[in-house]
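For reference, TrEMBL has these:
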BINDING   Asp33, Ala34, Glu35, Tyr36, Asp37, Ser82, Leu83, Glu115, Arg138, Glu175, Lys293, Lys317  NAD(+) binding site
ACT_SITE  Lys117  active site, N6-AMP-lysine intermediate
BINDING   Cys411, Cys414, Cys435  Zn(2+) binding site
DOMAIN    594-672  domain 'BRCT'
Amino acid sequence: MANNIPHTIDELRNKLREYEYHYHVLDNPLVPDAEYDRLMNELKKIEAENPALITVDSPTQRVGAKPLDGFSQVKHKVPMLSLDNAFSDEELEAFLRRITDRATVNIANLEFCCEPKLDGLAVSILYENGVLTQAATRGDGATGEDITANIRTIRNIPLKLNMANPPASLEVRGEVFMPQRGFEQLNEKALAKGEKTFANPRNAAAGSLRQLDPKITSQRPLVLNAYGVGVYESEQPLPDTHFARLQWLKSIGIPVNNEIILAKGMKGLLEFYHSIAQKRDSLGYDIDGTVLKINDIQLQEQLGFISKAPRWAIAYKFPAQEEMTVLNDVEFQVGRTGAITPVAKLEPVFVAGVTVSNATLHNGDEIARLGVCIHDTVIIRRAGDVIPQIVGVVLEKRPEFAKSIQFPTACPVCNSSVIRIEGEAVARCTGGLFCNAQRKEILKHFVSRKAMDIDGVGVKLIEQLMEKELLHTPADLFKLEKETLARLERMGEKSATKALLSIEKSKATTLSRFLFALGIREVGEATALNLANHFGTLDAIRQANVEQLKEVQDVGEVVANHIYRFWLEPHNIEVVEELISLGVHWDDVVQQEIKDNPLKDKNVVLTGSLSQLTRDQAKALLQSFGCKVSGSVSKKTDFLIAGEKAGSKLTKAQELGITVLSEQDLIDLTVE
Ligand SMILES: NC(=O)c1ccc[n+]([C@@H]2O[C@H](COP(=O)([O-])OP(=O)(O)OC[C@H]3O[C@@H](n4cnc5c(N)ncnc54)[C@H](O)[C@@H]3O)[C@@H](O)[C@H]2O)c1
Ligand SMILES: [Zn+2]
């Protein structure tokens, strides 16, 4: 066994170095911090038990990582250190005990400056004679990267100190981080452009600050909070407590965090820790714990440093928000609107205080973006009240038997086909009228006032009937019998009669109400009316292709596709035909006769931007004169109406020799 230790230690150290490189240098961690911390603790334990094995280059003895090649290097005059960690009250007590071992103080009265531990990256900013002249990352603590140009782009960092007699040099130390809102917006933009997103705000901040092109940094929402002073040269001495120094920094224009307070003894430290933990979700920026520092600078100096951290401060950390676990399977759930959501079935894991065994994967794009497979080890993030999410895959742990995730082509609930309309992230079950997952919403909508207007059938009754398996599709409503209804809870003879009467009455309806009642996605009342007026009969609507559907006012590509797909699903047709055979009827819409005019029956295309009419107004105007308005220019096109900045359609029309009219021409034609 003993022989095994050096081997284990080497492996451990190499693993830690690899993780540090990816985290500190590439800003792209391979594993969650919790995993890194576990390995680090293990190494510390082995080294504590075998002090002879400690080497100067062990990860326990060093800070961060070497600076990246692309940047010039900055040597820190005063080393930039790390912090010792505590993860429990016992570890915090041990820290306090180490202080009393070295200094005669009464802990109960010892004052600490208590600060949130901001989750970004440490920077050093040098002001010479009041002017910002240099900025650097922490790097390996001795040497950092020159990021002066990038730091100058951060709005809350003054380029000049706000004071009369500035010190010859003042090195401000602090954390640059990205507030959550900015992080979300940045990721949304990246997603929209199909670019890589950041797993968390810390990576986003580090990746944004360590850019070779400061223009990119300037577009990133970064913020500085200062937490200390490094080099200081001036005739004026600095205040003699840490807290007073922070106040002074604030007074000369350097931003300092507002949550910082003074507290005494173990009790005071714990109170701060718990109150900040409570506020954590509402701060608007990520913190991963508290930093507790002895306030008296003289005592700080007396205590000094151990290898890579001061003895007078500790980071008391919160439980990790990111953990890793195995993705056992993916289940596809069908929502009330037919949206199909992949749900990750996880090996249960404890994250930020709760056991997590499910996480949302959102949609097919998200699965592709993550590149996640079943049996992968994944990184789970649970921040605040947000549903746990998979933010990354630990590729080095992918087993050979990992298998890719197949998005279903048929609905897992009703077996209707699943489609995804171009430009939409969500895939949906098309069996709207038939699908059990969607039936409650569909039925509620079907009976509603502006649809079939069945006022004797409310939500409670629908729920009861569904529970008793008496109601699956809207057609079942028309098969209900009085005895069945009367036997239901809170129903009785009278309500049953009333329900049946209003069901009977609803059979005489209009085409537009019926269309609206079918609950086709994005077909609201107005669209249903336009469809009915345009096509006149249900059969005509059923037979229309996407191009023909797009001729209807207010119907664009997406809506046309929803309507078209609805009729492609045989289950929907079954229900509609059943409704009709059960007696639902309407009069076909009589289409108005349009008087002869130069525009009647012409094929017209609109392009460019109009100044007097909106697109929809122009379309409606043309239709009222009997035009067919379509989206693309072809040989069949009679007129092209071209507004400002018309592009390829105009060129094509000119090539085909098609008459081109201006917006004014159109108005003149229609006024006469
Ligand atoms: N996931 C990985 O692969 C991986 C690899 C390496 C390191 N890490 C993580 O990095 C951390 C270790 O890095 P570290 O050495 O920078 O230590 P640290 O982040 O735990 O603590 C030191 C840092 O805290 C920051 N800080 C925030 N608020 C502060 C305040 N008010 N006062 C003083 N400092 C404040 C400073 O940037 C300082 O450099 C751990 O959380 C570890 O899990 C993760
Ligand atoms: Zn379905």
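Backbone N, Cα and C atoms are what each Cβ position is placed from, and that goes for glycine too.
Curation plays no part in TrEMBL annotations; they are all automatic predictions.
Cβ neighbours of Asp33 (NAD(+) binding site) (same chain, under 8 Å, six or more residues apart in sequence): Asp288, Ala320, Glu322. Glu35 (NAD(+) binding site) falls within a helix when secondary structure is assigned with DSSP.
Taken residue by residue with DSSP, Leu83 (NAD(+) binding site) is part of neither helix nor strand, so it is coil. Put plainly, the recorded positions Lys117, Arg138, Lys293 were compared by Cβ crowding within 10 Å, and the winner is Arg138. The maximal spread of the NAD(+) binding site, taken as the longest Cα to Cα distance among Asp33, Ala34, Glu35, Tyr36, Asp37, Ser82, Leu83, Glu115, Arg138, Glu175, Lys293, Lys317, is 26 Å. When the alpha carbons of Glu35 (NAD(+) binding site) and Lys117 (active site, N6-AMP-lysine intermediate) are compared, the span between them is 19 angstrom. Other C-beta atoms found within 10 angstroms of the C-beta of Cys411 (Zn(2+) binding site) number 26, with every protein chain shown included. Nearest Cα neighbour of Cys414 (Zn(2+) binding site) among the listed recorded positions (Asp37, Lys117, Arg138): Asp37. Put simply, of the recorded positions Lys117, Cys411, Cys435, the one whose Cα is nearest the Cα of Lys293 (NAD(+) binding site) is Lys117. For the domain 'BRCT' (594-672), the model's pLDDT averages out at 84. The Cβ of Cys435 (Zn(2+) binding site) has Val334, Gly338, Cys411, Val413, Cys414, Ser416, Cys429, His571 as same-chain neighbours under 8 Å, each 6 or more residues away in sequence.
All protein chains shown were included, and the count of other CB atoms within 10 Å of the CB of Leu83 (NAD(+) binding site) stands at 20. Ranking the binding-site residues Glu35, Asp37 by the number of CB atoms within 10 A of their own CB puts Glu35 at the top. Secondary structure at Lys293 (NAD(+) binding site), as computed by DSSP, is strand. Separating the Cα atoms of Leu83 (NAD(+) binding site) and the residue listed as 'active site, N6-AMP-lysine intermediate' is a whole-number distance of 10 Å. Cβ atoms within 8 Å of the centroid of the Cβ atoms of Cys411, Cys414, Cys435 (the Zn(2+) site) belong to the same-chain residues Val334, Gly338, Pro412, Val413, Asn415, Ser416, Cys429, Gly431, Phe434, Asn436, Ala437, Gln438, His571, site residues excluded.
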